[in-house]
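Let me begin by presenting the structure, written as C-alpha cells, before commenting on it.
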Amino acid sequence: EARRQRRLLLVVVCVALLLDNMLYMVIVPIIPDYIAAMRGGGGTGGPSAPAGGNGSGGGNRSLLPARYPPSSGSNEDVQIGVLFASKAMLQLLVNPLSGTLIDRVGYEAPLLAGLAVLFLSTATFAFAENYATLFAARSLQGLGSAFADTAGIALIADRYAEEPARSRALGTALACISFGSLAAPPFGGVLYEFAGKRVPFLVLACVCLLDGLMLLVLAPPGGTGARANMPVGTPIHRLMIDPYIAVVAGALATCNIPLAFLEPTIANWMKDSMGASEWEVGLTWLPAFFPHVLGVYVTVQLAAAYPHLQWFYGALGMAIIGASSCLVPACRNFGQVIIPLCGICFGIALVDTALLPTLAFLVDVRHVSVYGSVYAIADISYCVAYALGPIVAGQIVHTMGFAQLNLGMGLANVLYAPVLLFLKNVCQMKPSHSERNILLEEGPKGLYDTIKMEERKG
C-alpha cells in the first residue's frame, strides 16, 4: 500500500511539473496580440508569430526557443524581456523562503499551496487583457512554482529514499518536464486558433484543480500528524556553504546557461546568418526532446549499475554541453543547427539526472534527511540562468556577437567539468558518522532523532 501511494504521489508531482512548464509555453502564441496592442495596432487575431518559449527552475526548463516579435524600440525590448524573465526572477527571490517553510511544515501543504497559486495564475492568464495583467499572471506563476516544484521534487526524494528507485523517480519527473516543453506549443497554438485564447488556459486550470484534489485524497496536509515526528531540517544558509552542495549547485546553473541564453537569441541569428524560414525556426528545438529523454534513461541505467560514477556522468554531460555550444556558430543550415542543440539537451539530461539524486544523498550523509531547502538551492541555480537569459543574452549578442556568446558558454562548461572531481568520494561517505555528529552537536529534537541515532549506532 505504501509503494502504491508513493507511485500515485509521483504521478501528482509529475503532473504539477508538466502543468508548470506547459503554462510557461502556452503563453507564447498570445504574445503577438499584446505586443500589437502595446504598439497601438490592435490584436493580430491568431497565433501567427512566436512558436516557442523559455523555461526556468527544479525541472522548468523548456526545449523550445523564445521567439520574441520584432520590436520598434528599446523600451519594448525591455518590457518583453522582463515579462519572460519575471517568473524566474520572482521564483529566485521566493525559493529561500519556500525551502525553509517546506522543511518546517512538510511537503504536502506547500505542494498544495503551489498548485493553488498555479491555478490562480492560469485563470489570470485566461482573462488577461493587457500587459500589466499578463505580467501579474507570470509573476504569480513564479510564486506557485517556487512552492510546487521545490516541494514536489523534495517529496519524491523523501518517499523514494533508496537507490536506484530515487534516480528513476527523479528521472521520470525530468522526462515529464521535457514532454511539457514539447506538447505545449502545438497544444496552445491549435486550441488558440480554433477555440480562442482562453481555452488552453482553462483546460490547464482544470487539470491543475484535479491534480490538487488528487493530492488532497492521497496525502491530506497535516492529516496524519507524521510531521511531528520528523527531524528538524538543516537551515538553508548552512546547506549553501556546504562545499559539496555548492559544487552541485554551480554545475546545475552552469549547464543551463547555454539553453537559457540561446532560447531568446538563436531565432534571430538563424534568420540573419542562414535565411531560415519561420517553420525552420519553429522546429529548431523540437528534435532535442528525444535526446533529452534518452539522456535521462541512459543516466538512470548507468547510475543503477555504477552508482559511484555519478560525478563522472555530470562531468561528461558538461563536456558535451560545452563542445555542442561551441559548434553552434559554425552551423550553416537548419539541419546542422539541430545536431549541437540535441547535444546540449542530451548533456543537460546527464547533468540533471546525475546530480539531483546526489543532492539528496549529500543531505542524507552530511546533514538531516529533510529535502526542502536543498532542492530550493537547486531551483535557485536554475533560476539564476533563466532569469538572466531573456534580459542579458540579447545585450551580449549586440555588444560582442553570437559566436563569442556561444564560445564563452562552451568554455565555462568545459572548465567547470573537472570541478565535479570534488564529488568523486561522495559515494564513500557513511551516514552514521555525519548524522550522529549532527545529533550530538545540536541535541536530539525529539523521539524521531533519538530513535534514528540509536539505529545508526546499531
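FYI, residue positions are counted from 1 along the chain as it appears here.
Glycine is no exception: its Cβ is also placed from the backbone N, Cα and C atoms.
Record features, source TrEMBL:
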| type | residues | note |
| --- | --- | --- |
| COMPBIAS | 46-60 | compositional bias 'Gly residues' |
| DOMAIN | 9-458 | domain 'Major facilitator superfamily (MFS) profile' |
| REGION | 46-72 | region 'Disordered' |
| TRANSMEM | 7-31 | transmembrane segment |
| TRANSMEM | 109-128 | transmembrane segment |
| TRANSMEM | 140-157 | transmembrane segment |
| TRANSMEM | 169-187 | transmembrane segment |
| TRANSMEM | 199-218 | transmembrane segment |
| TRANSMEM | 239-262 | transmembrane segment |
| TRANSMEM | 282-304 | transmembrane segment |
| TRANSMEM | 311-331 | transmembrane segment |
| TRANSMEM | 337-362 | transmembrane segment |
| TRANSMEM | 374-397 | transmembrane segment |
| TRANSMEM | 403-423 | transmembrane segment |
Inset, instruction - For the transmembrane segment (239-262), find every same-chain residue at least 6 residues outside the stretch whose CB is under 8 Å from a CB in it, and list them. - result: 54, 56, 61, 63, 65, 314, 317-318, 321, 324-325, 328, 341, 344-345, 347-348, 351-352, 355, 358-359, 362-363, 366-367, 373-374, 377-378, 380-382, 384-386, 388-389, 392-393, 396, 405-406, 409-410, 412-413, 416, 419-420, 422-423, 426
Inset, instruction - Spell out yes or no: are there three or more C-beta pairs under 8 angstroms between the transmembrane segment (169-187) and the transmembrane segment (282-304), with each pair 6 or more apart in sequence? - result: yes
Legend entry - Contact ranking winner - 109-128, 282-304, 311-331, 337-362, 403-423 against the transmembrane segment (374-397), Cβ under 8 Å: 337-362
Inset, instruction - State the residues, same chain only, that lie 6 or more residues beyond the ends of the transmembrane segment (109-128) and have a CB under 8 A from a CB inside it; answer 'none' if no residue qualifies. - result: 12-13, 16, 19-20, 23, 26-27, 98, 101-102, 134, 136-138, 140-141, 143-152, 155, 197-198, 201-202, 204-205, 208-209, 211-212, 215-216, 221-222, 372
Legend entry - Beyond the flanks of the transmembrane segment (403-423) by 6 or more, those residues with Cβ under 8 Å of it: 243-244, 247-248, 250-251, 254-255, 257-258, 261-262, 265, 310-312, 314-316, 318-319, 321-326, 328-329, 347, 358, 393, 396-397
Inset, instruction - Check the transmembrane segment (282-304) against each of 140-157, 311-331, 337-362 and return whichever range has the most CB pairs under 8 Å. - result: 337-362
Inset, instruction - Using a Cβ cut-off of under 8 Å, list the residues of the same chain at least 6 residues beyond the transmembrane segment (311-331) that approach it. - result: 251, 254-255, 258, 262, 266, 274, 295, 299, 302-303, 337, 339-344, 346-351, 353-355, 358, 402-403, 406-407, 409-414, 416-418, 420-424, 426
Inset, instruction - Over the domain 'Major facilitator superfamily (MFS) profile' (9-458), work out the mean pLDDT and round it to an integer. - result: 80
